[in-house]
Amino acid sequence: MFHLIPFVVAFLLVFLTWFLIKKLRKVIIFELDQNSKHFGGELVADVLKAHDVRFLFTLCGGHISPILVAAERQNIRVIDVRHEASAVFAADAVSRLSGTVGVAAVTAGPGLTNTVTAVKNAQMAESPIVLLAGAAAGLLRGRGSLQDIDQLSLFRPLCKWSGRVNCVKDIVPMLCKAFYLARSGTPGPVLVEFPIDTLYPYSLVRQHLRISDNPQSWRQRFTNWYLRFYLFRLFANGFRIQPCLPGQVPTQIPVEIPSIPWPSTKSIDQLVWLLSQAKRPVIVVSSQALLPPVPATQTAEHVKSLRIPVYLTGMARGLLGRHHPCVFRHARRAALRVADLIILAGSVCDFRMDYGRVLNRKAKIVIINRDKKQLYLNSDIFWRPYLAIRGDVGTALKELSISLNDRFPCLSDFRCPTEWVGELLAREHHRDEEIRQSSLTQPAERINPLSVLWQLEHNGLTDQESIIVADGGDFVGSAAYILRPRGPLSWLDPGPFGTLGVGGGFALGAKLCRPQAHVWVVYGDGSAGYSLAEWDTMARHKAPAIGVIGNDACWSQIARDQLGLFGSNVACGLQSTRYDLVGAAYAGADPLNSTLSVEDSGAFLVTEKNLDNLSDYMAHARELSDRGLPSIINCNIAASGFREGSISL
C-alpha cells in the first residue's frame, strides 16, 4: 500500500500543475501596459459606434462616467434624462422607429432598479435594447460597497440574456454578443453589467487599490501579491484591440448578422391556397410585422397587395396610411366571429384577443410569429390554429404577396368578395358616424373628450410626418377610436404590458429619430405625472414634443368600473392641476413672467370657455416645436361613458 504513495503524490502534483496552467494560462501569456492612458469606457463606445448607435440615453452616475465621456468623443449623442425609466423608454422608441438596437446606460443599484418596469415593457413589446449598467468593483462585490446588489439575478427574468464583464478584455466580445442576442430570434432587452474598475484607467484603479510600496509584514506582502494579481488579471490584454481615435470608424469590432427564423415555402404555399379559397378573409397585423429585415414601407405594400380586409394593432397602426380602403378599425370582434379565414400576422391570443374567444371556431386560423410560445398561446383552451408558421412576420407577408401575385399566376387577379367588404364597410361607417355625433355634444361644464380628440385628428395632425405617442388609460383608449396615424411607424404605445409613463421617453426617442416630425403625446392626466419632467430634457436637447393632456382630475378607467362595482372611487381622484404650467416650467420658461404670454411659454389651458381656441393652440404648438420648444395643451375634459366596461382583467 505504501509503495503507491509516491505515485499518488506525483499524480496530484501533475494534476495541480495542469489545473493551475489551465486557470492561469490566459493571464500568463497576456501583456499589460501599465502606462496606458486607455480605459474600458473607450472600448464600450467603439462597440456602440460599430453597431451604428447614434444615441445613448442615460442618467449620469460615477459608475458609468467613462462610458458617457468616451461615447461623446465618438460623436454618439449622449442624451441625459430625468429618470432612468425614461432612458430605457427612449431607447425602446429608437429601436422601434430606426430598426436598430436602442441603448441606455445607468448607474449601479437604484439607477438600474429604476429601469425595471421599462425593461419589462421592452421585453413584452419585443424591442431590441442593450442596457449598460454600472456595478461595484469585483473585489468589493458582496462586501457592502455603495449601491452593490445582485443585479443579474434581479434582471435575469426580464432580459433575453444578462452578463457581467469581469475583465477589460471581455468588454468587446461580451458587448458584441449582447447586440447579436438583442436582435436575434424574438428581439428583446439584454443587460451587460460593468464593474466600475473595468471602465476606468489602470493608473486610477491601481491608486484606489492602495498597493503598498514597502510592505512590512507577510500579511501585507500577501495582500500586495493578491491585489497585483487581481489588477493584472483585470487589465491584461485589455487593449489588444486599440480604442479608436475620436470620430474614427472602429474596423476591428466584429458585427454579427442576427439569427432570424424564416417561414418555410411549404407553409406559405398552404397559406396561398387557403386565401384563394376564402370567402370572408381577414388579417390582423401587429407590431412584429414591422421588425427588420423587411422595411415597414415594403411590408405596407405587401399587405396592400393581398386586397383583403385588414385590422392593425400596436405599432402596426398607420401601416397603410390614413384612409386606405382595406383598413378597418371598428367592430373587429364582429368581423372575427364570422370570418372564414383569420390570419394573425404578429398578433397573439392574449387579453387583446380575449384569449382567442373572439375567433370563429369554424374558421381556418393561421398565425405567424417568431416566438413558438406565442404561436400557441391559449390554443389549448379557446382556439386552435389550422396553420402555425414560425418565422419573421414581415418576410412571411412578403413571400405571401409574391406567391399570390407572381408564383401562382392563376391567383394574381384574386379579389376579396365584395359582399364581405361591404358588410365590414357598413359597420365601419356606422361606428364612425356614432363617434362623430358623440363628439358634437358638449356638457355644461368642462369639455367633451371626444371633441378634443376630433380636433386633434383634423386640426392638429396636419402633416404626414406626425408621430403619435399614446400614454394613458381612458383618454388614450378613446383616442385609438378617433386618431388615424399617418403612415408606417407613426404610432407608439407601450404594448401588451399596458405601462403608464412611457410618454416622455417615447417622445424624446421619436423626435431624435425623426427631427422633422411633429411628435404628439396623448396623455391622460394620471399618466402625465410620470414623465412631465422630461420636458426639461426635451428643451435642453432641442427635441421637443407637444403634449395633449385629457385632464378629468381622475383615474377614470379604474374609477368608472370601481364605482359601479363597489360604490366607491377611493384612490381614484386627482386635482385639475395646471400641467401646462408645470411643463412650461420644466422646459425652462417662466409662464408667470408678465413680459411673456403664457402661450409663448408653451403652456395652453383649454376649458369650455375657450374651446374655440383649441385649433389655434395646436397650430401655435407646432410653431413652437419647429423652433425647438416643447409645449403642453392641458384640456379640462368631462367624465365620459364612451368606454364603459373597457377595463381588462
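Quick reminder: no glycine exception, Cβ is built from N, Cα and C everywhere.
According to Swiss-Prot:
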- 2-21: transmembrane segment (TRANSMEM)
- Glu84: thiamine diphosphate binding site (BINDING)
- 474-554: region 'Thiamine pyrophosphate binding' (REGION)
- Asp525, Asn551: Mg(2+) binding site (BINDING)
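It is 26 Å from the Cα atom of Asn551 (Mg(2+) binding site) to that of Glu84 (thiamine diphosphate binding site). The secondary structure of Asn551 (Mg(2+) binding site), as reduced to three states from DSSP, is extended strand. Spacing of Glu84 (thiamine diphosphate binding site) relative to Asp525 (Mg(2+) binding site) is 21 Å (Cα to Cα, whole number). For Asp525 (Mg(2+) binding site), the same-chain residues 6+ apart in sequence whose C-beta sits under 8 angstroms from its C-beta are Phe475, Ile549, Gly550, Asn551, Asp552, Ala553, Cys554, Leu574, Thr577, Tyr579. In this model, the region 'Thiamine pyrophosphate binding' (474-554) carries an average pLDDT of 97.
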